[in-house]
Ligand SMILES: Cc1cc2nc3c(=O)[nH]c(=O)nc-3n(C[C@H](O)[C@H](O)[C@H](O)COP(=O)(O)OP(=O)(O)OC[C@H]3O[C@@H](n4cnc5c(N)ncnc54)[C@H](O)[C@@H]3O)c2cc1C
């Protein structure tokens, strides 16, 4: 199944290309994000008054996919615009929306997610970071792991346990933390490939009532929206499509006889990526406003991650095993980096077992997916 963009979505993609084509030589990602923001292309699904265009999530997916395909770090879109921005849009007060959304949509402000901890990854109810009442606010203390973009971010959405309760889903609050506040320490963690991770230590970081997103203690209910779009797998798709292009270049460089033997295997994996992309677009097309169906996104996440991994595994075994030098487009280097990065695709945003549990859980209660 191949998923074509609608004419409107294709027009947005052309706008993204026009902005990026006009970038001065040597401009970095931050300049690119600012220009895309100035053209209102970073968050087209935000209302106009907050710097968007009032379009739906499927249009945002098309623009965002293109931004990733053009080689810009797609985590910026995924984490800042989707993770933090959409959470503020959906659950923030009017003051929080006015304070943060125009900055996010303009590409001037990056924001990160501080959800994962050493013992709390797929299961975010295991959060050990605490928020202790302090006057009209809280003192937040704990250690967050695997955070991306943190060194460039001004704020972060951080989960903390603010009360103990019989239900592990109760008592979690989400705070918008100023990363320059006293008590915040951000340390990089070495990574084989891709954007660096950061460990963030919070030591009695004071947050006021204006920093709480949604109701105190009831943050759990907000998390599906925070990580919903990530579960659509769009960042995996941009990687999968870049890796597919690299594999195609390697294949094209083989002698005819060897290429013919491998061509069918390649096309099968290419189809798997396109099929997964169709599911990812189905997930955003069936969203209810900003809310995505958990089961469809679990399929999208699994499908995109597994399709990308299968492509890379095959390319490593069949193409990288053949001795040869890197071509002009650097396809060998791209595939070698992919070998290091691909395993993360069934871990980030909740391990694959979690996605399978979500799918199984929905079927167990007999609900029909949209
Ligand atoms: C590229 C990348 C970017 C990330 N960015 C961020 C970020 O910006 N902010 C942030 O807060 N976090 C981030 N994370 C963390 C990410 O959300 C977690 O890695 C993810 O949720 C998995 O948690 P974990 O690493 O603790 O592993 P776990 O979930 O603890 O999994 C450990 C092992 O247990 C298995 N497992 C998990 N659940 C089950 C189950 N129900 N049944 C059976 N087996 C299971 C897994 O397959 C795995 O082998 C990022 C991770 C990656 C890889």
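For all residues, glycine too, the Cβ spot is worked out from N, Cα and C.
TrEMBL entries are annotated by machine, without manual review.
When averaged over the domain 'Acyl-CoA dehydrogenase/oxidase N-terminal' (26-107), pLDDT in the model lands at 94. The domain 'Acyl-CoA dehydrogenase/oxidase N-terminal' annotation in TrEMBL covers 26-107.
The domain 'Acyl-CoA oxidase/dehydrogenase middle' annotation in TrEMBL covers 113-194.
Summarised by DSSP class, the composition of the domain 'Acyl-CoA dehydrogenase/oxidase N-terminal' (26-107) is 56 helix, 0 strand, 26 coil. As a summary of secondary structure, the domain 'Acyl-CoA oxidase/dehydrogenase middle' (113-194) carries 6 helix, 41 strand, 35 coil according to DSSP.
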